[in-house]
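**Student:** Take a look at this one; I'll ask things after.
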Amino acid sequence: MNLILMGLPGAGKGTQAEKIIDTYGIPHISTGDMFRAAMKNETALGLEAKSYIDKGELVPDEVTNGIVKERLAEPDTDKGFLLDGFPRTLDQAKALDTMLKELNKKIDAVIDIHVEEDVLIERLAGRFICRTCGATYHKLFNPPKVEGTCDRCGGHEFYQREDDKPETVKNRLAVNIESSAPILAFYKEQGLMHTIDGNREIDTVFSDVKKIIDEN
């Protein structure tokens with residue numbers, strides 16, 4: 001079973017990925033892990049990627065695609081894999097199709113965990129931090145026991161990181177929505193696309209994920 005897992009930040013993709021791996025025993029192939037392994041092992045492509053990352057530049061598609069292909073050629077992917085964080089662009093999706101054909105493999109299903117934008121903003125923009133000790137809270141999922149008082153140090157001053165502010169979160173989501181739309185359309189055209197409502201209990205969402213995997 002060869003899967004691609006998609007979903008916007010805050011949709012619970014990481015949690016579902018863990019459950020898929022635990023249940024089906026297939027390798028979790030995430031872009032971050034692939035880059036780290038390629039750089040640690042000092043492969044030619046890993047060193048090339050490192051040269052861009054060290055300069056704070058985006059790694060070009062041909063380098064990323066090469067690292068992905070090297071990983072998908074490893075024997076542990078022969079019985080299936082879960083791709084997470086790739087493809088990020090339509091060009092990468094097309095390149096993935098080509099490399100899988102060369103490896104005599106194919107994608108069986110693309111699962112998109114869909115959560116409404118306002119819910120994602122609520123989830124992502126709810127984090128705040130104690131200015132005194134750095135303890136992290138979330139207004140919905142992990143508020144202080146006493147409102148306005150830090151559980152750890154008793155401080156009363158809190159702040160939000162720039163990344164967690166609603167406007168920043170909104171902009172980040174807009175960029176993600178725009179870049180993922182052509183990829184979703186590409187896989188829909190191939191009849192591989194499955195969209196799941198992610199605004200439910202984790203196990204309920206996974207029950208739907210499992211159904212899709214078992215039917216493929």
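A Cβ is built for glycine as well, from the same backbone N, Cα and C atoms used for every other residue.
Reproduced below are the annotations present in Swiss-Prot:
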type	residues	note
BINDING	Gly10, Ala11, Gly12, Lys13, Gly14, Thr15, Arg127, Thr136, Tyr137, Arg200	ATP binding site
REGION	30-59	region 'NMP'
BINDING	Thr31, Arg36, Glu57, Leu58, Val59, Gly85, Phe86, Pro87, Arg88, Gln92, Arg161, Arg172	AMP binding site
REGION	126-164	region 'LID'
BINDING	Cys130, Cys133, Cys150, Cys153	Zn(2+) binding site
**Student:** In the same chain, which residue numbers or ranges, 6 or more beyond the ends of the region 'LID' (126-164), come under 8 angstroms Cβ to Cβ?
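**Tutor:** Beyond its ends, the region 'LID' (126-164) has Cβ neighbours at 172.
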**Student:** Take the region 'NMP' (30-59) and find every residue of the same chain, 6 or more past its ends, with a Cβ under 8 Å from one of its Cβ atoms.
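**Tutor:** Residues 17, 66-68, 70-71, 84-86, 88.
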**Student:** Go ahead and report the DSSP secondary structure tallies for the region 'LID' (126-164): helix first, then strand, then coil.
**Tutor:** 3 helix, 12 strand, 24 coil
**Student:** Which value does the mean pLDDT take for the region 'NMP' (30-59) in this predicted structure?
**Tutor:** 88
**Student:** Which one is it, among the binding-site residues Gly10, Arg127, Cys130, that lies nearest to Thr31 (AMP binding site) by Cα separation?
**Tutor:** Gly10
**Student:** Could you tell me the C-alpha distance between Gly12 (ATP binding site) and Phe86 (AMP binding site) in angstrom, no decimals?
**Tutor:** 16
**Student:** Whole-number Å only: compute the distance from the Cα of Glu57 (AMP binding site) to the Cα of Cys150 (Zn(2+) binding site).
**Tutor:** 39
**Student:** Report, as a single number, how many Cβ atoms besides its own are within 10 Å of the Cβ of Val59 (AMP binding site).
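**Tutor:** That number is 17.
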